[in-house]
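Feature annotations, courtesy of TrEMBL:
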ACT_SITE  Lys11  active site
ACT_SITE  Asp141  active site
BINDING   Pro99, Val100, Ser101, Ala102, Gly103, Leu104, Ala105, Gly106, Gly107, Ser108, Thr109  ATP binding site
DOMAIN    67-149  domain 'GHMP kinase N-terminal'
DOMAIN    218-291  domain 'GHMP kinase C-terminal'
Amino acid sequence: MHSYSLIAPAKINLYLEILGDRADGYHELVMLLQSISLADRLELRANGRQAFRIHCDSPQMPPQEQNLAYKAAQVMSQQFPDSFHQFGGVDITIEKHIPVSAGLAGGSTNAAAVLVGLNLMWELGLTQPELQEIAAQLGSDIPFCISGGTAIATGRGECLDPINSPDWLWVVLAKYRSLEISTPWAYNTYRQQFGDTYLTDADSIQSRASRVHSSPLVEAIVGQNGAQIGQQLYNDLEKVVLPEHPKIARLKGALQRSGVLGTLMSGSGSTVFALCDSQAQAERIKQELTDDLTDPDLGLWVAQLCSNGIHVGAVAKK
Ligand code: C5P
């Protein structure tokens, strides 16, 4: 059987607005999701057993059973027991480049790669929408990670409408490595503080969500206007995370003062990113921050906005 090496890009949020509560306990969201070139690499290799094993070089990864990549493999074996029986389990080796608990969908994109990889290895022939339906059971960001690029995301985040990627833009990502923010904490705190502003009827939510298609941000992306994109970046979760973690707010301020197109916290943080109009600008800002902040806990990465989700890096025959 073939073994597959898959590239799993991280994502950033160019926009995240919380509209209201859902009956399933999640939030109704409007987001603009964007893949970036910072990516993990996953190797999937048949192991001749009736089990999955995860190997990872990062000590920060959760234990196997809590790992989203493992959960994705388990779901596939439950949904396709005959194929699991026929082809057997898989050893999944994750080469980690995306920081963990960073608001960059690192765990989600690993799970997405496992779904795509098992579809190939077990010759299931599932279409992308079919894979995304399975992905939505595992996490709100995972359907997007499969297709990647740039997409308007509504509902829980799983209803996707792709648009052209502003892939000429670059980002500097900045994250204090020891600072991890729990996503449920961020959403629950937002509900406590801003729940009284939530839209409550389905029609208002629907019409608010559909307005994003003609929003200034989407128009700026379609019109390839980098300055306008930078000005329209927005994330509701900043309202709860930044006051709780002034360190992140100061980091965002330092990035903003460096003359970039715009800055934003991604997802529930703790990564903040600065949008840049060239690789040279991004590299210069990364160097300036390294020199000015001299904090060994601060991680900085340069990445390009990109138009692809999970893709095969290499195929090898056993
Ligand atoms: O779907 P996922 O497991 O990635 O979500 C993590 C957490 O983020 C959820 O447990 C929930 O607290 C919050 N969330 C939410 N509404 C969404 C997506 C996520 O409240 N649409």
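Each residue, glycine too, has its Cβ placed from N, Cα and C.
Annotated features, which come from TrEMBL, shown on the structure.
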residue : record           : Cβ within 10 Å
Lys11   : active site      : 29
Pro99   : ATP binding site : 22
Ser101  : ATP binding site : 20
Gly103  : ATP binding site : 29
Ala105  : ATP binding site : 28
Gly107  : ATP binding site : 26
Thr109  : ATP binding site : 30
Asp141  : active site      : 27
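Under the DSSP three-state reduction, Ser101 (ATP binding site) is assigned to coil, being neither helix nor strand.
In the three-state DSSP scheme, Gly107 (ATP binding site) is classed as helix.
Here Asp141 (active site) is positioned 16 angstrom away from Pro99 (ATP binding site), judged by their C-alpha atoms. This prediction places the mean pLDDT of the domain 'GHMP kinase N-terminal' (67-149) at 97. On a Cα basis, Lys11 (active site) lies 13 Å away from Ser101 (ATP binding site). Cα proximity to Lys11 (active site) (within 10 Å) is found for the following recorded positions from Gly103, Ala105, Gly107, Thr109, Asp141: Gly103, Ala105, Thr109, Asp141. Mapped onto DSSP classes, the domain 'GHMP kinase C-terminal' (218-291) shows 44 helix, 11 strand, 19 coil. Annotated ATP site Pro99, Val100, Ser101, Ala102, Gly103, Leu104, Ala105, Gly106, Gly107, Ser108, Thr109; additional same-chain residues within 8 Å of its Cβ mean position, judged by their own Cβ, are Ala10, Ile98.
Distance noted between the C-alpha atoms of Thr109 (ATP binding site) and Asp141 (active site) is 8 Å.
Secondary structure at Asp141 (active site), taken from DSSP and collapsed to helix, strand or coil, is coil. Here the Cα atom of Asp141 (active site) is found 11 Å from that of Gly103 (ATP binding site).
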